[in-house]
Amino acid sequence: MPPSLIAVSEFVEETRSDYSSPTTSTFASRMPDCRHTIGVLEERLEFDREGLTKLKKAVKAIHNSGNTHVDNEMFMVRALERLGGKVIEQDEPDIGAAFLKFSVVTKELSALMKTLMQNINNIVMFPVDSMLKSELRGVKGDMKRPFDKAAKDYEAKFIKIEKEKKAQAKEAGMVRTEIDAAVVAEEMEKERRLYQLQTCEYLLKYKDIKTKTGIELLQHLIEYYHALSNYFKDGLQTIEHFGTYIGDLSEKLHEIKQKQDEDRRSLLDLRTVLRSTPDFERVDNVPSSESRSGGAGYSLHQLQGDKHHGVTRQGHLLKKSEGKVRRVWQKRRCRVTSDGFLDIFHADESKPPTRVNLLTCQIKPVPDDKRGFDLISYNRPYHFQAEDEGDQKAWMAVLVNCKEKALTKAFQHANPQMSPSLVELQKTVIRYVQLLPGNDRCCDCGSRNDVTWISLNFGILVCIQCSGVHRDLGVHHSRIQSLTLDNLTTANLLIARAMGNSTLNDIMEAKLGRGKLQHESSMEERYDFIRAKYVAKRYVMRTCSDDNDLRCDLEQAVVNADMSQLLQVWAEGADLTCCLPSSDAGETALHLAVLREMGSTLHIVDFLIQNMPPKGLNKATNPAGLLDVTGKNTALHLCALHDRRECMKLLLRSGADYELKNSQNKTALDIAKEMGHNSCRELIECAIKREKSAFDHINTDWNLPNEDGSTDFSDDETVIDERKSRSRPPSFAGGDSPVLRSRSSTCDSIQSSSSPIANCPSRQFTLPSGLPSYTHSAGTSPKQHISVGQYLGSATNVGGNGPGNGGSSPSSASSQSVRAARNSLNMQSDLGGHVTGARKSTSTANMNSLKKRTAPAPPPGTLGSASSSSFYGTLPHPPRHSQNFDASDIRAINHKNQSLDVAYGTLPHLRSVESSPRGGGGYGYGVSQDPGGSGNGSNNSLMPAMTTFGHKRSPSGESLNRNIHLAGAKLVLPPTGELPTLKHVDKSALTRPKIPPPGPPSEREISNGQSNESISSMDEGPVAPPRKLVNQSANFPDYESWHTDMDSSGGGLDHSAESNVSSSDNDRLNSSPDNPSKTGGAGLGGKFHYNGQRRCRALYDCVADNDDELEFKEGEILIVLNERTDDENWMEGIIEGQPTRKGMFPVSFVHMLPD
């Protein structure tokens, strides 16, 4: 039964009963009711506190406005007194006396108003202010804190005695489940009396406060009523007394007006007589009503020039000099240029002419001179005279035409005509924003009426009433524009596309409760609420204890590209310009966001730019150290260095200083020119020319829903939300459900720089059952690592923007989980490298319980030992968020299998982001000196290699189980946990890396996380070239057709001559660990040998679902090119006799023929 309220009389009766007879009292049973009652009373006091605060504000506003009214009335009194005194001096005593009488009445009424304002201050505001500063001071819960302490002491003592009684009963061999309060009444008497005393004290204070806020406040309001009544009575008495004089004054004014009308008629008659005189000479310069209405007044329609005269002209004109002594006409040569200027030459034409900008001039004809015209500039007028009237019209027409042309050109340059596709993109983005959760109503008041106003820096939609309050806050708090009236550019919509009203209110109104605005709220209420929400941030839930926590969360938000987390830290007061905690180079969140921006996190960059202090845009990193390549780089320097053109647009449009220099004394423009980033160079040049229209539109992956259902996309151009159910499982390990994914959802293909898709969902990986998961706590986003596709794109187009991928959720790692992984791998090593049937029996339950994880990069280590020469190449990436476990654990894993000789080469680094020698702090910006991946360059740390799948297939449960056991693969998978798939590209247009990353080892190849067999060929899908080893001096090979030769006896890799692989498109070689005859000799000296191609017959008709699948009919003969693909239920082959028909086919559709 829930506790109920206890009345004061009941409390007194229960307390007296307990005081007289503690053992028979029932007070202990009513103590929960007392606590509940105190809580309810505290809520009522909080409501009274809020009500009195608002009452005080209202009374204070009335008092201030009333005093202002009194002051203005006194100004009026003094003006009337001066006016009356002046009229009396002009022999008009009646009118002067009336002015003075009005001043006296106004003064008396003003005195009454002043008395009323004093009364409202003394009678109402002073008592209310006293209550708020005495009884109701502090915050909710302050007054009942002594009661809470007494209740806590009572409960602690009761629990202690209860434990003692139960222990005594247990020693006596009895079981005591409950302790009666009467049994411990005597022992608890002190605590119970204190509880009763504090309750009594609280009730006394409560009654005193309710008396003051109720009865006494109403008595004060009664006094105010009497004061108000006296004010109106005295005022009415003054007005009535003045009313008698008003009647007399009206009669006097009527008489005075009649006399003035007689005088006016006499003057009019006299004027008529004078004008009728025959020999009267009229004076032309006397203005009449007609001349005032016409003439050289302002004309709405300006001069129109004759287009036949063109926009250029030169010749001689007479110009009137501006001398102080004498003004003469001087003949000067003049020239009108097509760019909107008039050049006036001097008498000595060798001097440079005076140039007048026609855009700031006005051309006017001279009414009295048909050959003359005036040119009015911003600082002086020019008076010209042509040879004749025709010449004058020609000059004026040319001047007007040239001015119109310059004006049209200026308007077109300021707002260039956008292409229809760009206009459609704007409309589509706006429609998408309006459909976001919560955007159908005002973010602040919930109104559905005219929700067409957007706050650009918050990305929310508000109604027209709330938009006015946002404007009052100032642009440093909220930048308001209209979706319908303003021409919003795509750069204005970046934050709005990623935010939404619901997302913002979940954070900014987390502690609001029931006090939200309503659509019928007044403007005063809107102002108070919106200011408290956005300026004071009063309703934000605090999640960080200090500034260091805020800085850590800020860095995490940028790393994860998490807009909600970024908004949270901003709302909690984080300094967006502070140095990040893990940076030794002094990088801010903006530096990190720019470095990690690959095309899909521009909203993070824009939010930082728009909501940080202006000085943060130009904040530079620390000066360069002894081992650093460069230092003192601003965000604009990093954009120029790494070709972040879209980030540069956002920075330049917000006013970033492009003239700042780094430690190498280079500006961003110098760096862009040096690096060959022409797009960045052009953007900075536009900023220098003040051509800000170049920054209006952003090229990014908007990730908008496709409204045209007929549009056909290939598999690697579509992204399906990983959270939705799938029709077939993907071809990589892990997943939400092994049977609910379609292969088209595996958006792990390596996108080229022109790919429209950037937001691929985060990948999921699994370890064998019993192996604990671990991920690095940096909360990795794929922006942390540069994808192979971006490198392939950068080989031909340095300025290409590689697409980004969505961030994955962060999680923490522990050394225990790493050691558990090592132990599990040791067990697998003892079992050997081949897979038994039991390995394939992983339960579906285990697969469904898998968690998302990312593979951390191994820490730096020393490579090249004779017993373990396996080391992994890596793509360049900022290392400081990825090394979260001990190097000893990784070395123990890598060195477990002594017979492995696999060496994975490193992709050549194109202006790669290197790790700072300081060990995890900051970002260096040099070029890697180890393109061959030998491990002996500047970046010789042990890093994970990019693992690729050449074919996106939908495996059965068996192959999925096979891929799930990638325990050791976490050391070679990409740090972001992605398994990218190659996209079909034009090989002739690409410069390939020297040694691309290896393909994924299957479970049969895994032993202690490393491969003990030859690496299978990398499948590109439609293309299946053979592989052969050539000298390293050859050109870069095709990335999709890479083979490495391994020695099963542990001979190791020959480092003296690093190998490269060239490719052709005829057929494909394959090596199998089960057939040693297919592998060559030890080391690099051995070649791959192929003993023959297997053939199979089609059992059924097969229709291709994807462009890389083979379509065939029943009975056709297929030649197998590759038996071992990333999905063991699929092979690659061609139709016999038809080599153009090539692709992947399911094993279950064919019957293998004997060799």
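Positions of Cβ are set from backbone N, Cα and C atoms, glycine also.
Here Swiss-Prot flags 709-719 as compositional bias 'Acidic residues'. According to Swiss-Prot, the feature compositional bias 'Low complexity' maps to 742-755, 808-824. Per Swiss-Prot, compositional bias 'Polar residues' is recorded for 839-849, 1007-1017, 1058-1078. Residues annotated as domain 'PH' in Swiss-Prot, with sequence analysis given as evidence: 310-404. The annotation domain 'Arf-GAP' is assigned in Swiss-Prot to 427-547. According to Swiss-Prot, the feature repeat 'ANK 1' maps to 585-617. Annotation comment: Swiss-Prot describes 631-660 as repeat 'ANK 2'. Feature annotation from Swiss-Prot assigns zinc finger to 442-466; the stated evidence is sequence analysis.
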Residue counts for the zinc finger (442-466) under DSSP, helix then strand then coil, are 3 helix, 6 strand, 16 coil
Could you give me three numbers for the repeat 'ANK 2' (631-660), the DSSP helix, strand and coil residue counts? 17 helix, 0 strand, 13 coil
How does the model score the repeat 'ANK 1' (585-617) in terms of mean pLDDT? 90
Taking DSSP H, G, I as helix and E, B as strand, the domain 'Arf-GAP' (427-547) contains 48 helix, 9 strand, 64 coil
Across the repeat 'ANK 1' (585-617), DSSP labelling yields 22 helix, 1 strand, 10 coil
